[in-house]
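Comments concern the structure below.
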Amino acid sequence: MRWIGLSTGLVSAMLVAGLVACGSNSPASSPAGPTQGARSIVVFAAASLQSAFTQIGEQFKAGNPGVNVNFAFAGSSELATQLTQGATADVFASADTAQMDSVAKAGLLAGHPTNFATNTMVIVAAAGNPKKIRSFADLTRPGLNVVVCQPSVPCGSATRRIEDATGIHLNPVSEELSVTDVLNKVITGQADAGLVYVSDALSVATKVTCVRFPEAAGVVNVYAIAVLKRTSQPALARQFVAMVTAAAGRRILDQSGFAKP
């Protein structure tokens, strides 16, 4: 992956830290069912957490033999809506505090949420950057097909905040439900460029060119995680949250492009 607007030293540090392409970028599906007789937890998590949480889940299972971790990855607002409409899960991890607050206001949290990571936005362009995109303002050029997230989801809210702060308003050809949907449209050539989180751009390192822009630094999404009141495995749910926020989880989050809260 080529990075524009990012120092060579930082790119090298990211590569040394183990940032490699993620094998799958398909839309999230419902969690797989647990193995018969096994204890399991269901984790509803923002789509941007897919790579990091899959790795954390493997470590969690290794430390808890016989336990399954079943993930549902999707846009945070979609997951929050499912929870408030009666869906059952053990843990919720949101890409912003607003969606966590909506679940808290519905009385669905077993305790207080914990802020565990932050993320910022980056432009992803088709591999090689054939449209020569260099800045956020370039996304307004005539004839450029740009995709973003819907304003109702955290990545779309972040995009809107950047627009408001800069006075530069985009005219996207589509608004997607999650960052993975935005990435897929750029990777498959359905769009020339899109706005996603840094962590998601790193997960498709060989398939896109990333363009850093200074305006993104002023808009930071804070990720929150909490145990849900409807959990059937409260002890395991708390252990999973503890792993995410402890050193083992922090290492994986760092390697996946997330910053500390």
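Numbering starts at 1 and runs along the chain as it is shown here.
Glycine is treated like the rest: Cβ placed from N, Cα and C.
Feature annotations, courtesy of Swiss-Prot:
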type	residues	note
BINDING	Ser48, Ser76, Val179, Tyr197	molybdate binding site
LIPID	Cys22	N-palmitoyl cysteine
LIPID	Cys22	S-diacylglycerol cysteine
SIGNAL	1-21	signal peptide
Mind computing the max CA-CA distance among Ser48, Ser76, Val179, Tyr197, which the record assigns to molybdate binding, rounded to whole Å?
-> 14
Measuring CB to CB from Tyr197 (molybdate binding site), give everything in the same chain under 8 Å that is also at least six residues away in sequence.
-> Ser48, Ala95, Asn119, Thr120, Met121, Val122, Cys155, Val179, Asn221, Gly257
List, in sequence order, the same-chain residues at least six positions removed whose CB sits under 8 Å from that of Ser76 (molybdate binding site)?
-> Ala46, Ser94, Ala95, Asp96, Gln99, Val153, Pro154
Cβ packing number for Val179 (molybdate binding site), 10 Å threshold | 32
Other than Ser48, Ser76, Val179, Tyr197, which residues of the chain come within 8 Å of the molybdate site, judged by Cβ distance to the Cβ centroid of those residues?
-> Ala46, Ala47, Leu49, Gly75, Ala95, Asn119, Cys149, Val153, Pro154, Cys155, Ser178, Thr180, Val196, Ser199, Asp200, Asn221
